[in-house]
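What follows is a short report on a single structure.
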Amino acid sequence: MTERSDRDVSPALTVGEGDIDVSLRPRSLREFIGQPRVREQLQLVIEGAKNRGGTPDHILLSGPPGLGKTSLAMIIAAELGSSLRVTSGPALERAGDLAAMLSNLVEHDVLFIDEIHRIARPAEEMLYLAMEDFRVDVVVGKGPGATSIPLEVAPFTLVGATTRSGALTGPLRDRFGFTAHMDFYEPAELERVLARSAGILGIELGADAGAEIARRSRGTPRIANRLLRRVRDFAEVRADGVITRDVAKAALEVYDVDELGLDRLDRAVLSALTRSFGGGPVGVSTLAVAVGEEAATVEEVCEPFLVRAGMVARTPRGRVATALAWTHLGMTPPVGASQPGLFE
């Protein structure tokens with residue numbers, strides 16, 4: 001399941017957001033904000049390959065959605081002066097789909113496969129040989145009369161992106177020469193992202209307003225940029241177009257994003273967990289019924305951030321509200337309420 005894209009605090013792209021997202025993408029490692037260790041490592045990989053006149057090792061980018069994996073893939077191709085071919089794991093259902101794409105590559109091309117953990121097994125097995133030996137074996141015919149025809153593939157660099165690195169098979173993961181994990185952003189880094197985006201979009205953003213938006217953005221640049229556009233709309237309609245801290249706070253209140261970045265659904269989960277079930281433990285299915293959502297939505301959409309924020313703890317018996325959750329809802333934690341990290 002992918003995260004619902006109708007929430008302002010969803011890290012997934014919303015419908016119609018792609019074109020805006022592209023306009024804000026950095027074009028080089030120098031422009032890319034945040035992830036300093038990953039940027040330094042990629043710079044070495046890229047410069048080393050350019051000095052040798054060859055192709056870099058295959059690169060795996062892992063981490064939560066909305067942190068810039070696709071942007072980095074585009075930057076890698078640009079820094080290498082190579083063409084970028086883009087596809088996704090779900091689009092590669094058959095080995096023939098992958099063979100057709102590989103056969104069209106030219107030397108030094110960068111092939112980007114998003115959600116690579118969702119690639120179908122037949123295509124994945126073909127990818128092994130292409131990554132290792134730059135060739136594929138295409139099977140022609142069926143049954144005893146089938147024959148395998150080897151096809152050469154131009155030397156290329158595969159950049160794979162995944163939000164679930166643990167879902168990759170061992171053989172596929174082992175064929176990546178370089179793996180980088182991307183972490184959530186610090187508020188100060190998001191302030192820089194917002195300042196850059198505001199400049200591109202022609203938005204007058206006060207420094208304190210940027211800080212207000214940044215701390216509600218769940219450590220995710222995509223969410224920060226989305227909230228910036230929401231606040232811009234509010235500023236243009238109900239203020240003088242200038243985004244001050246007060247304007248940002250008023251706008252985000254309208255859009256139901258609180259000071260920690262929680263929205264209505266997040267607070268509904270916390271409210272049910274505390275008010276209806278006394279803080280837990282309670283199973284995900286029961287919790288989902290209480291908030292009128294599917295269990296997968298609660299587990300995959302709400303829970304990761306609530307756990308990371310220290311408001312919900314996973315235990316063998318179910319989910320438990322921490323003292324921070326009670327406090328955030330304006331209630332006094334009961335005696336014995338768990339502290340963040342107790343069950344981690």
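Every residue gets a Cβ built from N, Cα and C, even glycine.
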Worksheet entry | Among ARG218, ARG222, ARG226 - the residue Swiss-Prot places in the same ATP site as LEU24, ARG25, GLY66, LYS69, THR70, SER71, GLU132, ASP133, PHE134, ARG175, TYR185 | ARG222
Fill in: Other CB atoms within 10 A, centred on GLU132 (ATP binding site)
12
Worksheet, complete the sentence: CA pair ARG314 (DNA binding site) / THR70 (ATP binding site), Å rounded to integer, equals 31
Fill in: DSSP three-state assignment (helix, strand or coil) for ARG319 (DNA binding site)
strand
Worksheet, complete the sentence: Neighbour count check, CB within 10 A, over binding-site residues ARG314, ARG319; minimum at ARG314
